[in-house]
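J.: Starting off with a structure, shown below.
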């Protein structure tokens with residue numbers, strides 16, 4: 001007896017040790033595969049939104065939390081400004097500031113930039129831990145470990161959490177998984193404490209990402225389905241009521257969310273289910289006291305009555321304006337064409353586009369075909385918590401199909417389901433204990449042939465799945481290193497001899513802005529670059545990636561698509577000093593302003609349909625061209641002129657070759673730039689900066705002045721530009 | 001027309017009687033459950049008190065026709081609602097404790113959740 005007891009203890013210790021080792025190595029794998037970008041490039045903040053988060057974090061660290069919440073930012077959205085403190089989700093910044101302070105306290109003063117850069121990889125370890133616990137609740141700890149391993153390296157999650165990708169999603173997925181983990185625990189046990197933790201992490205999630213609405217609707221949906229399935233229990237009541245009461249109250253503490261939880265339709269489902277829960281609780285109490293037949297009538301009558309009352313109240317409240325109707329982003333989830341027609345600004349964001357099918361395989365590899373198998377297996381023994389996973393899978397599969405960025409929320413559940421499928425498979429096929437059992441009593445009477453065949457089958461299945469797992473690791477590493485580790489601020493490229501090189505035009509230009517312009521200079525650019533200009537160049541911008549004011553963006557769009565004299569007036573009226581355009585025609589950089597031009601036209605057409613017409617920017621045959629066939633409106637537009645100004649001089653002075661679009665650009669079409677003056681063009685011509693010319697001292701309009709100057713300066717040698725040798729390799 | 005309406009009337013009458021039957025039966029069962037159990041009596045009195053306070057707040061807002069410091073009203077109201085559901089959850093566990101959670105632990109959890117709730121309310125009420 002004593003020996004078996006110590007043996008059990010020993011086994012438990014070994015299990016614990018193994019688990020710890022596995023977790024440590026998982027975290028190491030998760031963190032190290034996210035460090036490609038730091039090793040290839042440097043410790044730098046990526047892309048667009050992270051630059052704002054970084055800037056906000058710096059503000060928080062320098063000014064303290066109180067000032068941060070009251071932050072009015074007058075350096076963006078000039079001249080409106082932005083109530084930044086009240087319009088952001090502070091969770092991310094608060095967490096990294098806390099980390100920064102904590103590290104300082106223990107004597108590790110680290111640059112805030114490094115905290116921000118390494119933030120996402122650090123949290124991926126926590127995500128793996130939460131996924132482990134979630135999956136353990138759903139199946140067992142074996143499946144949990146597999147799920148944790150999958151989520152640690154699945155490219156679908158890495159895409160938003162590589163080092164330097166300092167975005168809200170980096171922390172939000174972690175919080176999503178932790179919240180769900182606590183919810184499943186609470187739902188299973190009915191424990192008020194777990195439920196409170198679920199609510200607190202829900203609060204954290206609300207403070208970190210707008211996607212919290214997903215939780216707000218998924219948990220009530222889960223509860224609702226359970227009630228419909230007749231699985232109401234007092235545990236469910238206790239878990240959900242506690243979560244909703246505390247979670248909702250907590251979510252209203254975030255300034256940006258405010259009273260939305262009781263005002264907007266997005267949150268009404270949760271409230272409705274909360275009400276329903278109370279009714280069901282009462283009903284089930286009554287039901288336990290009287291006969292079923294009596295109860296049936298009572299139930300049907302009161303249900304119909306309540307339903308009618310609830311729905312009519314919802315409509316009435318929405319109608320009278322007490323509850324805000326569904327938001328545009330919500331509609332665009334159901335009707336994929338909605339955004340294109342009504343809100344071009346949402347449709348113009350590339351991550352709001354529908355997902356291409358190969359992306360699913362690219363992001364999750366063999367997990368994507370195990371995913372349905374896992375869901376099916378969960379259907380087989382449909383426990384309460386399985387219903388949750390199924391609801392999550394179905395909803396998120398749809399959402400991920402509609403919007404590329406929601407692939408991120410689908411990935412965790414793919415990992416969980418695939419882990420369930422694989423671990424079920426291994427439960428059956430990796431069970432070799434039967435061959436080692438010594439007692440002959442347990443052995444059924446099988447012929448030797450059968451036994452060998454069983455062994456072969458088991459080995460084949462296990463072997464092939466192990467091979468798949470190895471392939472998966474290779475795929476993940478490959479995808480991470482090739483597709484998701486580019487900061488997009490610095491572009492990888494090659495020298496003519498094939499050696500790697502970096503294209504650093506963005507930072508070159510932003511640094512130029514920082515060092516050579518007045519501190520209060522206003523820079524107009526398309527909104528994509530607003531955050532970067534604010535973060536790297538520290539100059540005032542007209543519009544940025546926050547996109548809260550469509551009209552303001554349309555103004556910039558209108559300026560870009562108008563002829564230069566008109567654009568000059570618009571920009572002057574907004575106090576603009578510099579105009580920044582991104583031009584990829586020389587080097588073949590595809591994300592340039594001309595490729596985004598149609599969105600500028602569309603957005604401004606939405607506000608000024610009389611002045612800007614999308615059709616005018618196409619050739620008569622409906623093509624989008626920049627060469628001789630381009631329409632006159634296109635050739636006159638400011639963006640065309642700013643992009644191609646001086647471009648042909650790189651070639652023969654008459655005609656330049658736009659490598660991105662493969663078209664010949666003629667000097668005749670570009671014409672002269674009278675109202676703007678080129679002040680800076682980066683090495684590979686990706687960023688071009690123009691200054692608005694001062695009004696003429698003699699009172700002539702700038703075009704006349706330009707004509708005059710050109711007449712008087714004939715024969716003076718122009719600056720010779722040299723073509724760079726680099727190529728983009730993206 | 002007459003033969004059509006009579007069964008409906010009878011139906012209504014019978015369902016009304018069913019209603020009253022059900023309610024009286026549940027009420028009786030409730031009285032039986034509560035009598036002699038001080039814990040449940042205490043919890044239920046507290047629940048009734050919370051409902052009363054919540055209703056008073058709501059009526060006040062209706063009477064004043066203005067919910068100006070909406071956060072204050074919401075904090076007060078949701079303190080009542082939140083405490084109410086917490087109490088009901090506790091009551092369920094007192095009557096029939098959940099698997100793996102002893103009544104003592106349930107009470108501890110209840111206290112923890114109430115503290116969190118009231119901290120949030122205090123923060124919200126300004």
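Glycine is no exception: its Cβ is also placed from the backbone N, Cα and C atoms.
Since this is a predicted model, take the numbers as computed values, not measurements.
For reference, TrEMBL lists these features for the protein:
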TRANSMEM  A:16-36  transmembrane segment
DOMAIN    A:18-417  domain 'Oligosaccharyl transferase STT3 N-terminal'
TRANSMEM  A:87-103  transmembrane segment
TRANSMEM  A:115-135  transmembrane segment
TRANSMEM  A:141-158  transmembrane segment
TRANSMEM  A:170-187  transmembrane segment
TRANSMEM  A:199-229  transmembrane segment
TRANSMEM  A:241-262  transmembrane segment
TRANSMEM  A:268-286  transmembrane segment
TRANSMEM  A:298-324  transmembrane segment
TRANSMEM  A:359-380  transmembrane segment
TRANSMEM  A:410-432  transmembrane segment
TRANSMEM  A:452-473  transmembrane segment
DOMAIN    A:522-572  domain 'STT3/PglB/AglB core'
J.: Quickly jot the same-chain residues contacting the transmembrane segment (A:410-432) by Cβ under 8 Å, restricted to those at least six beyond its ends, or write none.
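T.: Contacts of the transmembrane segment (A:410-432) (Cβ under 8 Å, skipping residues fewer than 6 from its ends): 127, 131, 134-135, 138-140, 142-144, 146-147, 150-151, 154, 156-157, 173, 176-177, 363-364, 366-368, 370-375, 377-378, 389, 392-393, 396-397, 399-400, 457-458, 461-462, 465.
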J.: Taking the transmembrane segment (A:16-36) as the first stretch and the transmembrane segment (A:115-135) as the second, find out whether 3 or more Cβ pairs fall under 8 Å, excluding pairs closer than 6 in sequence.
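T.: Between the transmembrane segment (A:16-36) and the transmembrane segment (A:115-135), contact is present.
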J.: Can you tell me which recorded stretch out of A:115-135, A:170-187, A:268-286, A:359-380 has the most Cβ pairs within less than 8 Å of the transmembrane segment (A:199-229)?
T.: A:170-187
J.: With DSSP helix as H/G/I and strand as E/B, how many residues of the domain 'STT3/PglB/AglB core' (A:522-572) fall in helix, strand and coil?
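T.: Per-class counts: 32 helix, 6 strand, 13 coil.
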J.: State the residues, same chain only, that lie 6 or more residues beyond the ends of the transmembrane segment (A:115-135) and have a CB under 8 A from a CB inside it; answer 'none' if no residue qualifies.
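T.: Sequence-remote neighbours of the transmembrane segment (A:115-135) are 23, 26-27, 30-31, 34-35, 38, 43-45, 50, 53-54, 57, 92, 95-96, 99-100, 103, 141, 143-149, 151-152, 157-158, 160-167, 170-171, 173-174, 177-178, 180-181, 184-185, 412, 415-416, 419-420.
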